[in-house]
Each structure stands twice: as C-alpha cells, then as structure tokens.
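Take a look at the structure set out below.
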C-alpha cells in the first residue's frame, strides 16, 4: 500500500500570506500565529515569507490570484475576520471570499489555506485569534505546510 501524507517541515517553501486589514485587531493576531508556525514548525526562513495586505475579506481572492499567477510561491495563506452583523452582508462576504480562494487553489494547482474567521460574535473571533480556542492563523499555516509537502510528494510519484 502506498500512502501519501505530508509533514510540516518545509524549509525551502516560499509562502505568501494575504491579510485583510478589516478587523485588524483580530487579524494581526492571526498573522502573528501564522508567521510563528511557519518559522517554528515549518522552518521557513523570513526571506521566504511575503505578506500582502488588502482592505477586506472580499479582496483576498483577487490578491491571492495575482500571487498565484506569479508562479513564485509554493502556497498561500489567506487571513481575515468576518463577523456576523444584523444584515445579510456577512453571508455574501464570507461566501464569496471562500469561493474565490477555493477557485484560486484549483485554477493554479496551489495550496491556499483558509484562515478567515467567520463568526457570529466578536467574542468567538477573539477566542479563535489566540485565546482559548487557539489561533486559527497558526492552524492555517500548519495546513498549508502539510499540503505543500503532499503536493510535492504527489508530483514526484505521479511523474
């Protein structure tokens, strides 16, 4: 039996982190968690990490697409925070962001890790950005590191 699974060390990986500025008091914690995870667990060097800042979650897919089209990166982490309000705006923003990022991954055959919080309350978002529910930015980085390795292994085995 042949099993393909990735580990999290990816010393030579070039990673772009596309970050929404909206709700920055939360998103900066996600960014810190992602960078810390890339460096500590993935052994990714500073010079191999590029941070791209965009206004909000809706802009994440376009920036991720441009990064992917450059061909210079092994993976992308998208970070943001969309918190439900009293209007349907949340559903549109969260849905389009998710759909757009998935499309980038499939179009460019590149791992795009979804680290965008989509919560009902600000308290839930705070819990997921580094307090009692962990740091979803760090979790997104772990997922990305593993997928970078899985895709590299698949490329070797299938070529």
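Any Cβ shown, glycine's included, is placed from N, Cα and C.
Taken straight from Swiss-Prot:
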- 89: active site, proton donor (ACT_SITE)
- 22, 57, 58, 59, 81, 82, 83, 114: 5-amino-6-(D-ribitylamino)uracil binding site (BINDING)
- 86, 87, 128: (2S)-2-hydroxy-3-oxobutyl phosphate binding site (BINDING)
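Across the residues the record lists as binding (2S)-2-hydroxy-3-oxobutyl phosphate (86, 87, 128), the two Cα atoms farthest apart are 23 Å from each other. Cα separation, residue 57 (5-amino-6-(D-ribitylamino)uracil binding site) to residue 86 ((2S)-2-hydroxy-3-oxobutyl phosphate binding site), rounded: 18 Å.
Here the Cβ of residue 81 (5-amino-6-(D-ribitylamino)uracil binding site) has 26 other Cβ atoms within 10 Å, regardless of which shown protein chain they belong to. The two recorded residues, residue 59 (5-amino-6-(D-ribitylamino)uracil binding site) and residue 128 ((2S)-2-hydroxy-3-oxobutyl phosphate binding site), have Cα atoms 22 Å apart. All protein chains included, residue 87 ((2S)-2-hydroxy-3-oxobutyl phosphate binding site) registers 8 other Cβ atoms within 10 Å of its own Cβ. If you draw a 10 Å sphere around the CB of residue 59 (5-amino-6-(D-ribitylamino)uracil binding site), it holds 19 other CB atoms from the protein chains shown. Comparing CA positions across the recorded positions 22, 81, 82, 89, 114, the one lying closest to residue 128 ((2S)-2-hydroxy-3-oxobutyl phosphate binding site) turns out to be 81.
Maximum C-alpha to C-alpha distance over the listed 5-amino-6-(D-ribitylamino)uracil-binding residues 22, 57, 58, 59, 81, 82, 83, 114 is 16 Å. Around the Cβ of residue 86 ((2S)-2-hydroxy-3-oxobutyl phosphate binding site), the number of neighbouring Cβ atoms within 10 Å comes to 6. Separation of the C-alpha atoms of residue 82 (5-amino-6-(D-ribitylamino)uracil binding site) and residue 89 (active site, proton donor): 10 Å, rounded to the nearest whole number. In the three-state DSSP classification, residue 58 (5-amino-6-(D-ribitylamino)uracil binding site) falls within a helix. On the backbone, the CA of residue 114 (5-amino-6-(D-ribitylamino)uracil binding site) and the CA of residue 87 ((2S)-2-hydroxy-3-oxobutyl phosphate binding site) stand 24 Å apart. Sorted by the number of other CB atoms within 10 A, the recorded positions 89, 128 start with 89, the lowest.
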